[in-house]
Amino acid sequence: MGFGNSKKKKKQSLQKEQKKNKKIQNQIEIETKEQEKELKILLLGTGESGKSTFIKQMMIIHKGGFPNSDLVEYKKTIKTNLILHTKILFEACINFNWEIKSQTKELGKEFLSLVEQSPELTKKTANLIKDIWEDPILKKAYEKRNKFQLPDTANYFLDKIDTIMENDYQPNDTDILFCRIPTTGVSQVTFDQGDTSWRVIDVGGQRSERRKWIHQFEDVQLLIYVRIVALSEYNQKLFEDLDVNRLRESFGLFSKISNNDFFEHKNCVVFFNKVDLFEEKIKKEDLKQCFPDYKGGFDFEAGKKFIKRKFLDEAENSTRNIFCHFTCATDTKKVERVIDAVNITVIEHVLKEDGLL
């Protein structure tokens, strides 16, 4: 009797184990099919080229915006950056001997003393920032920011300091898009585009962060890498190396990636970003200072074509497809149109190649 029960229990246990294994196997098959439909998109580029802004745009377009916890952090960062950027601007005026008003000098000294005691943006500190920013020389210093390290969006926040200091202030989408936070490590966003799941990954663009890129290439069924190039940085230096031109660094990085065996058959999208800033800058600053062989003068269209050709020439021996778009990452409508274009031309091409369409 005892032997019969034992045999029955063993059989039940075996059936239970087989059922469990089948369930696990089914789950693995489902996950494998899902992975086959997942498109991994790597955003590669140098620091401040606009990669993180594209990630934010994906949150706005496909996720409906940002959670409250993010808004709290962005609000803190915006206020911290206001202090930092005012400090950078004021000290640049002093270091370059730009003739600011004597009153502005006194206000600047008071401001520096105040933020040294307390790094928070108080009403008193905000009023000092507002008064300092009113000096026309500070605005001229902002126009010459290629001589020192200052984000392009610093003026946007300085101009709206009154709004930022209101008790009920919450960052809107534009504030978040313009808010600069250096990417360390990896950030990503996932969303569905038709029958395909997109996983868009942003890794840090500064030199110390680039070694992390290679880990994002493992076990990838579908891969597109997006190179983001900031057109407007042709007269700016790297944050981490003041002797190196930013666009030149981006050009060198593109060349290395284009000639990397891993990417030999991978499709590539190049976003030539900050086209709005480039259009304004090239009216005054010749592209020749970055590329001596440029002969288009101050012509916007000639500059765009030259840079595009310069980059494509670096990949002329490649067998991959390279799709180019000129973009402004802070303009949601334009980004949405570009993403739609990428989806139509590039994604369909990739899915057909892999037999998934």
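Think of each number as a place in line: the chain as shown, counted from 1.
Note that Cβ sites are derived from N, Cα and C of the backbone, with glycine treated the same way.
Residues annotated as GTP binding site in TrEMBL: 48-53, 177-183, 202-206, 273-276, A329. Among the features that TrEMBL reports, Mg(2+) binding site is placed at S52, T183. Among the features that TrEMBL reports, compositional bias 'Basic residues' is placed at 1-23. What TrEMBL records for 1-26 is region 'Disordered'.
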In sequence order, the binding-site residues (L177, N273, D276) whose C-alpha falls within 10 A of S52 (Mg(2+) binding site): L177
S52, N273 as binding-site residues, winner by CB count within 10 A: N273
Least surrounded among the binding-site residues, given as K51, R180, when other CB atoms within 10 Å are counted: R180
Fewest other C-beta atoms within 10 angstroms, as judged across E48, D276, which are the binding-site residues: D276
Reduced DSSP assignment, N273 (GTP binding site): strand
DSSP-derived structure type at S52 (Mg(2+) binding site), helix or strand or else coil: helix
Around the Cβ of L177 (GTP binding site), the count of other Cβ atoms that are within 10 Å: 23
